[in-house]
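Below is one structure, written out as structure tokens; comments come after it.
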Amino acid sequence: MESNKQPRKIQLYTKEFYATCTLGGIIACGPTHSSITPLDLVKCRLQVNPKLYTSNLQGFRKIIANEGWKKVYTGFGATFVGYSLQGAGKYGGYEYFKHLYSSWLSPGVTVYLMASATAEFLADIMLCPFEAIKVKQQTTMPPFCNNVVDGWKKMYAESGGMKAFYKGIVPLWCRQIPYTMCKFTSFEKIVQKIYSVLPKKKEEMNALQQISVSFVGGYLAGILCAAVSHPADVMVSKINSERKANESMSVASKRIYQKIGFTGLWNGLMVRIVMIGTLTSFQWLIYDSFKAYVGLPTTG
């Protein structure tokens, strides 16, 4: 006998809704970030030593020739774990804080900025230890560890605790919070603009059409994000690889800036634009596809 029972719909702004968005963030961020590990590896090494490779392609060739093809995925494990946790906090947190702040303020740019900043601040606390392992693994040759578990044990033993995992937390916040504020706010506004010029209203479009808008909006938002957050991204790489024992964050940042100058803050920008543009578009594609699959409205 055929059942006429309708699938249970997830109610907005319930615990189930936020748990679903959190899961969507994990699916959107962990696989996408780890899939571009080879690009990230070359970018990080060029940020630390701009003379190491003459181009990205030459970087890949040298890594494969000198270290083997598997080494282009150095840092994959730490990236996957770290950004899965970060994606959970970022997307789930954004949905929660956007709704919370909208009950206090009129919905709009201010709410998007506040919600994304709060969510990213908390998400980075989960990301930071794995980002530290990844950067150290990618910028030491040969890599100082074989995998994320090995890296965790070594860094914990070297510092005698959790201190080494969080020495880059302030630069990470400086990189990620502006990036995420730009990512979510520009995405929301770009998507709203796209919908405003299309012949159909969003509510009249099918899921595939809405997801296509999310993909385009995500790529455009990603380009802006890359430019906004790149100088801090360079400093995160430098501090994690070059900060001296017992050196304060401000002293380390000042010393590194004096060494590389303003232009050095933009090393690897074009790679990052391609990387972040692609990354952001696919994250929004995956996240909104997941939301549509479980019966939730897409973002924007």
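Glycine too: its Cβ is placed from the backbone N, Cα and C atoms.
Just so it is clear, the model here is predicted, and its values are computed rather than measured.
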Which stretch does Swiss-Prot mark as transmembrane segment, out of 171-192, 237-258?
171-192
Swiss-Prot tags one of 22-42, 148-168 as transmembrane segment - which one?
22-42
Stretch among 22-42, 108-128, 171-192, 211-231 sharing the most Cβ pairs under 8 Å with the transmembrane segment (70-89):
22-42
For the repeat 'Solcar 2' (107-193), the DSSP residue counts stand at 72 helix, 0 strand, 15 coil
Would you list the DSSP helix, strand and coil counts for the residues of the repeat 'Solcar 1' (16-100)?
74 helix, 0 strand, 11 coil
